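All remarks here apply to the structure that follows.
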Amino acid sequence: MSVDTATVKRVAKLARIAIRDEEAERLAPELGNILGWIEQLGEVDTSSVQPMTAVIPNHLRLRDDVVTDGGIRAKVLANAPEGEHGFFTVPKVIE
Amino acid sequence: MSDLTDLGIRQIRDGVANGDLSAREVAEAFNAAVAAAKPLNAFIVETPEHALAAADKVDQARAAGETLPSMAGVPIGMKDLFCTNGVQTTAASHILEGFKPEYESTVSQKLWDAGAGMLGKLNLDQFAMGSSNETSYFGNVVSPWRRNDGGNAPLAPGGSSGGSAAVVAGRIAPGATGTDTGGSIRQPAAFVGISGIKPTYGRCSRWGTIAFASSLDQAGPMARDVRDCAIMLEAMSGFDAKDATSLDVPVPQWEAGLNASMAGKRVGIPREYRVDNMPEEIEALWQQGIAWMKDAGAEIVEVSLPHTRYALPAYYIIAPAEASSNLARYDGVRYGQRDLPEAANLQDMYAATRAAGFGDEVKRRILIGTYVLSAGFYDAYFTQASKVRALIAQDFERAWERCDVLLTPTAPSAAFALGEKSADPLAMYLNDVFTVPSSLAGLPAMSVPGGLDKAGLPLGLQVIGRALDEQGVLNAALAIEERAGFNARPERWW
């Protein structure tokens with residue numbers, strides 16, 4: 001399995017991780033090696049197998065539809081890198 | 001009393017309960033051991049005041065004649081993957097540097113409710129991704145063990161719970177929390193000659209534990225012996241409505257149920273765990289383990305787990321896929337570090353923040369995960385891996401028709417030197433070959449020390465059990481522990 005640098009850059013863009021050209025060049029063979037190794041899974045016949053969805057049989061619980069939390073704005077914002085007037089702030093997204 | 005730091009969890013609990021020890025003197029002794037252990041780099045944050053406050057509370061409760069809870073007076077190390085209220089929690093990453101949670105993880109809260117105190121937050125592989133504790137932003141943890149060749153090469157404590165392993169083995173904490181996604185409790189426990197159990201998936205709440213791969217992540221205890229693990233696991237386990245996958249089942253009294261007799265039990269030996277290039281010493285230890293099981297009264301049966309060889313590749317699709325999704329939350333907006341280059345827009349800020357905040361191994365896994373989940377590849381990789389995972393679980397189900405527990409080595413080698421494997425990610429991944437299958441199947445599994453190799457380093461044996469049969473796992477491990485008589489400990493050089 002060979003992965004080219006264009007693929008690395010495309011995947012990095014999807015993952016929202018900035019990478020430099022030399023990093024993409026270093027990562028391409030590394031990822032190619034790992035993906036080549038995991039491709040051996042293709043040889044397992046799984047035509048009659050359902051994919052696992054729960055590792056231990058369990059059921060989804062329902063709870064009463066009531067408010068159980070809230071009123072903790074200061075706590076929610078306490079670790080924000082930047083906040084103003086009780087909001088998270090980010091660079092301008094609308095011109 | 002010789003040295004208080006020689007005491008384990010049970011001894012401290014009993015000593016405090018019957019008045020032979022004050023919780024405060026125990027906390028002070030371990031705080032001093034923590035302060036003296038800097039060369040191991042096992043702690044990211046030290047919290048001596050937390051340990052003392054918990055101890056004083058226990059001493060006051062005892063003076064008032066109250067019944068003490070199950071871990072009263074026991075100071076422990078907390079892996080820095082558990083959110084602790086007001087105490088920096090980083091997952092050994094730069095992106096969470098300075099993050100002080102406004103809440104407490106369920107597992108840590110249960111331990112504080114049980115009377116335990118916190119010595120500090122323990123170093124680990126970044127976001128628990130690694131098998132050697134070499135991916136931490138805060139530097140490698142150095143194992144307290146050294147080879148007996150006089151070379152003093154710094155050794156890996158294993159990973160990802162490397163700090164937890166180092167402090168328990170070095171008598172710096174009587175117990176520590178670990179988390180296990182593909183072997184992160186068991187492999188480090190084996191590398192440093194201590195015990196550690198990953199319970200059934202769902203036993204310990206994941207709430208407040210920083211997520212790596214949610215369908216695999218399980219917390220568990222690491223301690224000096226099987227009984228101490230049983231005590232600590234009881235305190236950590238239990239239903240939690242805040243975790244959708246938490247199991248709503250009673251927590252058994254594992255300590256009270258300990259029994260080292262294997263009479264009437266069948267121990268399965270999976271033939272597929274005999275891997276190429278396995279060191280003779282590992283094979284010899286495995287045979288020794290089989291002999292111990294027979295001696296304890298067990299019947300030995302050979303079993304087959306035919307899909308074992310596909311466990312690692314399936315794991316390295318599923319775990320990175322889940323990680324890429326879980327780690328999408330680190331965006332530089334709500335918590336953690338932000339990197340905002342000059343004139344950057346929002347998308348640039350995300351990409352720069354994540355580039356600066358994640359280490360190489362974390363990026364590698366996010367990229368693998370993003371790739372296998374991306375359009376056109378999802379079925380070939382993720383769906384196929386989920387199907388193979390079902391087959392692996394089925395292998396175990398068939399094995400349980402013929403045996404009660406499985407016995408295997410924990411890792412394919414003893415501890416390696418720091419730097420020895422870090423250049424080759426794939427070689428590092430292969431270290432988890434014996435621990436990953438039971439993780440994929442959500443089964444309880446434990447590592448217990450079996451002996452030393454020629455270089456004087458510990459080797460571990462692994463016991464795997466049926467879902468929810470932690471008692472069977474603990475009992476088989478206890479049978480091994482009693483026969484192995486493992487009492488080696490690292491000579492203090494730090």
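Yeah, the Cβs are placed from backbone N, Cα and C, and that goes for glycine too.
Per TrEMBL, the feature domain 'Amidase' maps to B:27-474. Annotation comment: TrEMBL describes B:Lys79, B:Ser160 as active site, charge relay system. Residues or ranges marked as active site, acyl-ester intermediate in TrEMBL: B:Ser184.
The number of other Cβ atoms within 10 Å of the Cβ belonging to B:Ser160 (active site, charge relay system), over all protein chains shown, comes to 35.
When the alpha carbons of B:Ser160 (active site, charge relay system) and B:Ser184 (active site, acyl-ester intermediate) are compared, the span between them is 5 angstrom. The least crowded of the active-site residues B:Lys79, B:Ser184, judged by other CB atoms within 10 A of its own CB, is B:Lys79. In three-state terms derived from DSSP, B:Lys79 (active site, charge relay system) belongs to an extended strand segment. Taking the domain 'Amidase' (B:27-474) as a whole, pLDDT averages 97 in the prediction. In three-state terms derived from DSSP, B:Ser184 (active site, acyl-ester intermediate) belongs to neither a helical nor a strand segment and is classed as coil. Cα to Cα, B:Lys79 (active site, charge relay system) and the residue listed as 'active site, acyl-ester intermediate' are separated by 11 Å.
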